[in-house]
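For reference, the structure discussed in these notes is given below.
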Amino acid sequence: MVGEETSLRNRLSRSAENPEQDEAQKNLLDTHRNGHITMKQLIAKKRQLAAEAEELKPLFLKEVGCHFDDFVTNLIDKSASLDNGGCALTTFSILEEMKNNHRAKDLRAPPEQGKIFISRRSLLDELFEVDHIRTIYHMFIALLIIFILSTLVVDYIDEGRLVLEFSLLAYAFGQFPIVIWTWWAMFLSTLAIPYFLFQRWAHGYSKSSHPLIYSLIHGAFFLVFQLGILGFIPTYVVLAYTLPPASRFILILEQIRLVMKAHSYVRENVPRVLSAAKEKSSTVPVPTVNQYLYFLFAPTLIYRDSYPRTPTVRWGYVAMQFLQVFGCLFYVYYIFERLCAPLFRNIKQEPFSARVLVLCVFNSILPGVLMLFLSFFAFLHCWLNAFAEMLRFGDRMFYKDWWNSTSYSNYYRTWNVVVHDWLYYYVYKDLLWFFSKRFRPAAMLAVFALSAVVHEYALAVCLSYFYPVLFVLFMFFGMAFNFIVNDSRKRPVWNIMVRASLFLGHGVILCFYSQEWYARQRCPLKNPTFLDYVRPRTWTCRYVF
């Protein structure tokens, strides 16, 4: 965008900077004053001006369009924050509230001011149209080529031959058939059970003589499904079959995603049924199976009956996104092979000390930062855009410009918009609505606590040990920085501080968890107790790892 604005200004001021054109214009004016201008010259001049206008037209329209998109986004954000004189907004949009003005104020007041979906592209798709930004993308590709070449050269020198084995990838994604059938069981149960429970409750609520007890019974069944079936079975499979780390991550992340999806489906539709029952409506607003099925695959955690849709599917774009996901996967593999594995395998035999820890942290910053960028690009951009394109899902704002954040609060809002929306509307705003706006700090604390616990749960199950480094960083340092480095910080120096602290934090995470992984591999216990799973092995292991 910056490059296009500069180009536009340069072209607009080209006539002022070019002395030859100024002289030509002066001669033309002199000729016109003397009455000797010819019709050919006049026509040529008009054609030249028309050509220049046509040349500037696409850039001008594109710039105006970008500013208009920003204006519309800001307008929607502001309109969603209005109290509207005490009247609740609907789940879908302001226009639907005007059309179907039947929501009761006491059902879902503040939380109903929910997310409004509009058709928009992902930010990186727009930025990659600027050559200066796309060059950064090319730099990462060049770095991947260097990693591949260095690995091949080192293997050839050490082994005397080219070693084209991906043992680390094969190990990480092992026992994949178990992952497939477990995922199918999770998906089909999420498709059938919440929909059946909600449909049964919705059709019987208005007919029940004890609607509160009727609702509590169905709510209890739904809670049993969320915690007992969807919450327990995938975790049991992961531990019982001792799946490798990457296979575990697939199941655990899908488990969390489906739990959040099912909650959103019920959370958005229950108030509609309550409102219809209060108005004694003859129709029960129950979504169709197709609407729920589409939502389960859509790249959003906020349920709507319909979303903005694109007119066509660009299958070439889909293939490119999946290709980039696999490229990022191999990128991470080579980072582990070239930067991480040698670092932790070659730690000397010495007691755990501050010196060892500090050296490990600072040596882990570079691979940690690279994996941060790659995970963001692979999942939040490529993976979500691929599914959005296949489903013709119009709203592609899965993230914002988090790299420009000058505060931690802004970073948390822009890094992962998909998860942030769910936490904001279903945890933060629901708590404020249920209790009081005076409990705003408590609601914010609850959001941080839930996010920290879920992140630590995923890591503990996937790595087979409990080492609450991420929980401490997120719950204590992250929350403290959220208040200290807040939205009032606008100067560029704060962006540098946010970036530096985030990079250091990722170095700490990679160092601690990798050290603990290798320590447990090199110092196994014959009969481990429960305390052995939660006590860090790094502090006691004295073997060379």
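Note: Cβ is positioned from N, Cα and C throughout, glycine not excepted.
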Report, based on Swiss-Prot, whether PHE117 and CYS360 occupy the same side of the membrane.
no
Going by Swiss-Prot, tell me which one of CYS462, CYS541 is disulfide-bonded to CYS523.
CYS541
Which of TYR428, TYR465 does Swiss-Prot put in the same acyl-CoA site as ASN410, ARG413, ASN416, HIS420, SER451?
TYR428
Does the transmembrane segment (248-271) come near the transmembrane segment (365-390), with 3+ Cβ pairs under 8 Å (pairs 6 or more apart)?
no
Give the residue from the recorded positions HIS132, HIS455 that has the most other Cβ atoms within 10 Å of its Cβ, counting over every protein chain displayed.
HIS455
State the Cα to Cα distance, in Å, between HIS455 (active site) and HIS132 (cholesterol binding site), rounded to an integer.
35
Against which stretches of its own chain does the topological domain 'Lumenal' (464-469) lie, if we need a Cβ under 8 Å and a gap of at least six residues from its ends?
239, 456, 508-509, 512-513, 516, 520, 533-534, 536-537
Where else in the chain does the transmembrane segment (365-390) make close Cβ contacts, counting only residues six or more beyond its ends and a cut-off under 8 Å?
122, 124-125, 140, 297-299, 310, 313-314, 317-318, 321-322, 324-325, 328-329, 331-332, 335-336, 339-340, 396, 398-399, 415-416, 418, 502-504, 506-507, 509-510
Is the transmembrane segment (470-485) in contact with the transmembrane segment (439-463), using at least 3 Cβ pairs under 8 Å (sequence separation of 6 or more) as the test?
yes
